[in-house]
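Swiss-Prot has this to say about the protein:
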type     : residues         : note
TRANSMEM : 7-27             : transmembrane segment
TRANSMEM : 30-50            : transmembrane segment
BINDING  : H131, H135, E202 : Zn(2+) binding site
ACT_SITE : E132             : active site
TRANSMEM : 146-166          : transmembrane segment
TRANSMEM : 177-197          : transmembrane segment
Amino acid sequence: MFNWVKTAMLMAAITALFIVIGGMIGGSRGMTIALLIALGMNFFSYWFSDKMVLRMYNAQEVDEATAPQFYRMVRELATRANLPMPRVYLIDENQPNAFATGRNPEHAAVAATTGILRVLSEREMRGVMAHELAHVKHRDILISTISATMAGAISALANFAMFFGGRDENGRPANPIAGIAVALLAPIAGALIQMAISRAREFEADRGGAQISGDPQALASALDKIHRYASGIPFQTAEEHPATAQMMIMNPLSGGGLQNLFSTHPATEERIARLMDMARTGRFD
């Protein structure tokens, strides 16, 4: 429940930030235009982002004939989660990783790299796919798409303010210092909120995935193994399209940074600790 409340508050914050920046650029008319642009971008992302991401990663759809064990595993977990059977994809990449996409449970897809199938045991793989199906069940793909779109739009509006300035309610030019401050700080604030949303949804998918599989320890073991392997194996497509990193079960990008604030995923150690606590207590709330 806490993660859902936190997500709702963060979504409200990123929307408010977007509208406020629009207002600073063009007053009440700017706020209205900014909101309409955001709605249009979210609509496009909602309908087409899954196709774009799967094509971007050159994901190949598989079925029971081409990947029988993997396909049956997903089907069994989808049944346990009371979800429609998603489309199943494989990505020919060495880094162990996986993600879910699709605008709703009826149009969902799950994808895994060939690397993750080589590295994980069947039990660990069940934990990973249960995590991805939890994202589908919670409609996290929609949430992450909206937050990413809004963060990108905030950055675009901030750049507009930097180069063209803004107007107040009476149409007079806005304070140029304020415009520069907005241009510098707003994209950072938008990105921080987006990443906080992503971290909250990962925790919730860990909890939901453990509930679907009934085996939180399997997911904990999988996360530990993925973390150790992924850090030493580059994922070129993800590096070229870093905005898609938040979709993965583990951050696929190399490099460091301010771990707690500028990460799309919670610390692996904290995720494992929470899962092991679920395994010990049998509680998933």
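Placed from the backbone N, Cα and C atoms, the Cβ positions cover glycine too.
Annotated features taken from Swiss-Prot, shown on the structure.
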{"residue": "H131", "record": "Zn(2+) binding site", "CB count, 10 Å": "28"}
{"residue": "E132", "record": "active site", "CB count, 10 Å": "28"}
{"residue": "H135", "record": "Zn(2+) binding site", "CB count, 10 Å": "26"}
{"residue": "E202", "record": "Zn(2+) binding site", "CB count, 10 Å": "25"}
DSSP-derived structure type at E202 (Zn(2+) binding site), helix or strand or else coil: helix
Beyond the site residues H131, H135, E202: chain residues whose C-beta lies within 8 Å of the centroid, for Zn(2+): A100, E132, A134, D140, R201, E204, A205, D206, G208, G209, I249
